[in-house]
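> In case it helps, TrEMBL gives these features for our protein:
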DOMAIN    9-69  domain 'Homeobox'
DNA_BIND  11-70  DNA-binding region
REGION    118-145  region 'Disordered'
COMPBIAS  132-143  compositional bias 'Low complexity'
Amino acid sequence: MDFHSQKLYAPKHNKKRLNQEQVRELEKSFAANKKLEPELKLHLANQLGVPPRQVAIWYQNKRARWKTQNLELDYNTLQVKLENALSEKRMLEKDVKHLQEELRKAQEMMFSMNNYQKDPRHHPPPFVSCTSAGSSEEGGSSSFHEDNVHDHEVLQIDELYACLIGADRSTWS
C-alpha cells in the first residue's frame, strides 16, 4: 500500500462533536429556516466555531429526520381518516339496505293497491301506517307498518307518497 491510498482511508479526526449549546443554536436556526442558504451557513459556522461543511451536514441530516417525522404524522392522520371513512361507509351501506327494504315494501303495497283498484274482488291491501323513526345516531327514516286488518281505510296514493317522501326529510340530506 502506498502513501496516497493510506491517506484516502485514514479516519478524519478533525471533526468535533457539537455541544448542547451549538445544537440548540442550530435547532433554533432550523426552526426559522428549513433551507440552509450559503450566507446563513457561513454565519452559523463562524458563530459556532465549526467548519461550514459540518453545519451543512447537520442541516441535511436534520431536514431528512424532519421529513421522516412529517411523513409519519401525515400517515397517522390519513390512517385515522381512512378508518373514519370506512366506518361511515359501513354505516351508509347498512342504511342503503334498510332503505332498499322499505322501497321493496312500498312497491309491493303500490302493486297491491293498483290490483285492488283495478279489480275490487282481490283482497284489499293490508292497512298501512307510516311513522317516522325520528333522529337517532343512525339517522331517522320513514317506515311502514302493515296490519292485516281489512276494516281500516287504505292510504291513498298521495298519502303514501307523502309517507314515503315527507317523513322527516331532514335526516335524508
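Using the three backbone atoms N, Cα and C, a Cβ is placed for every residue, glycine included.
Quick one: how deep are these features, and who are their neighbours?
The domain 'Homeobox' (9-69) scores a mean pLDDT of 89 in the predicted structure.
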> May I have the DSSP-based helix, strand and coil counts for the residues of the domain 'Homeobox' (9-69)?
43 helix, 0 strand, 18 coil
